[in-house]
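Comments concern the structure below.
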Amino acid sequence: MNWGFLQGILSGVNKYSTALGRIWLSVVFIFRVLVYVVAAEEVWDDDQKDFICNTKQPGCPNVCYDEFFPVSHVRLWALQLILVTCPSLLVVMHVAYREERERKHRLKHGPNAPALYSNLSKKRGGLWWTYLLSLIFKAAVDSGFLYIFHCIYKDYDMPRVVACSVTPCPHTVDCYIARPTEKKVFTYFMVVTAAICILLNLSEVVYLVGKRCMEVFRPRRRKASRRHQLPDTCPPYVISKGGHPQDESVILTKAGMATVDAGVYP
């Protein structure tokens, strides 16, 4: 399988990612894609041919293999890696849409017209939601595939010998799996790396939401605090009634200073 196209997509989205997003890309490239291409495919190569049962009944090894391996590990992993990296393409497409919209705006209103976006790749507005939803989708895909693996292969185990009694086997036969320990190690490795990617995605979701909440509520708190603070140019005054009974003038007395006649206000 050619993974060059997938590598180009992930490399393009790397410049729009946060620090946690770049760590996720490194984990996907080094610990998942490379391990899959270099080692995992070789371990499961001709797996059905090496699945041997102690019977000469025609068709029995084939149905037993299908019973215990309904879907190959490597094919499930390939589908998982493709689906988990596709949301990154949405981010690249959204940025490309912004660039095209900005270009048309410049052509229509001239090169000196104010820009539609202060920073095309900055995660604001729709791009922020696209990036956030891509993280949630990637975490959901990895979680779903881990659940599928757990349902198909109990506890992600790889036994050395399995007992099969499926028709057309004449009786319960023992079937032997090729390189079970090596396959178990790779299975656990892929499960652990998928769990790490889920944790990184959820951490990035928390980071983005928390950062956005701070940007929204911090200016409001500053405005509220400024409203409750009295400026230094307006010191406190003591308000008292004047002594003239006809005009009821008001006397403003500042602490430590002479009284000021404020007059009568309608």
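Using N, Cα and C of the backbone, Cβ positions are placed for all residues, glycine too.
In the three-state DSSP reading, C175 (disulfide bond) counts as strand. Residues or ranges marked as disulfide bond by Swiss-Prot on the basis of similarity to another entry: C53-C175 (among others).
In sequence order, C53, T55, Q57, C60, V63, C64 are the residues of the chain that are 6 or more apart from C169 (disulfide bond) and have a CB within less than 8 Å of its CB. Marked as disulfide bond by Swiss-Prot on the basis of similarity to another entry: C60-C169 (among others).
When Cβ atoms from all protein chains are considered, those within 10 Å of C164 (disulfide bond) total 19, not counting its own. Secondary structure from DSSP puts C164 (disulfide bond) in a beta strand. The annotation disulfide bond is assigned in Swiss-Prot to C64-C164 (among others).
Residues or ranges marked as intramembrane segment by Swiss-Prot on the basis of similarity to another entry: 2-13.
For the topological domain 'Cytoplasmic' (14-20), the mean pLDDT of the prediction comes to 77. According to Swiss-Prot, the topological domain 'Cytoplasmic' annotation covers 14-20 (among others), on the basis of a curator's inference.
The topological domain 'Cytoplasmic' annotation in Swiss-Prot covers 95-130 (among others).
Summarising the annotation, Swiss-Prot assigns topological domain 'Cytoplasmic' to 206-266 (among others) and lists a curator's inference as the type of evidence.
The transmembrane segment annotation in Swiss-Prot covers 21-40 (among others) and is backed by similarity to another entry.
Annotation source Swiss-Prot lists transmembrane segment at 74-94 (among others), citing similarity to another entry.
Residues annotated as transmembrane segment in Swiss-Prot, with similarity to another entry given as evidence: 131-151 (among others).
If you look up Swiss-Prot, you'll see 185-205 (among others) marked as transmembrane segment.
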C-alpha spacing of C164 (disulfide bond) relative to C175 (disulfide bond), in angstrom: 7
Where C60 (disulfide bond) falls in three-state DSSP terms: helix
Most Cβ pairs under 8 Å with the transmembrane segment (21-40), selected from 74-94, 131-151, 185-205: 185-205
Remote residues contacting the transmembrane segment (185-205) - C-beta distance under 8 A, at least 6 residues beyond either end: 18, 20-21, 23-24, 27-28, 31-32, 35-36, 39-40, 43, 73, 77, 80, 84, 132, 135-136, 138-139, 142-143, 145-146, 149, 153, 156, 158
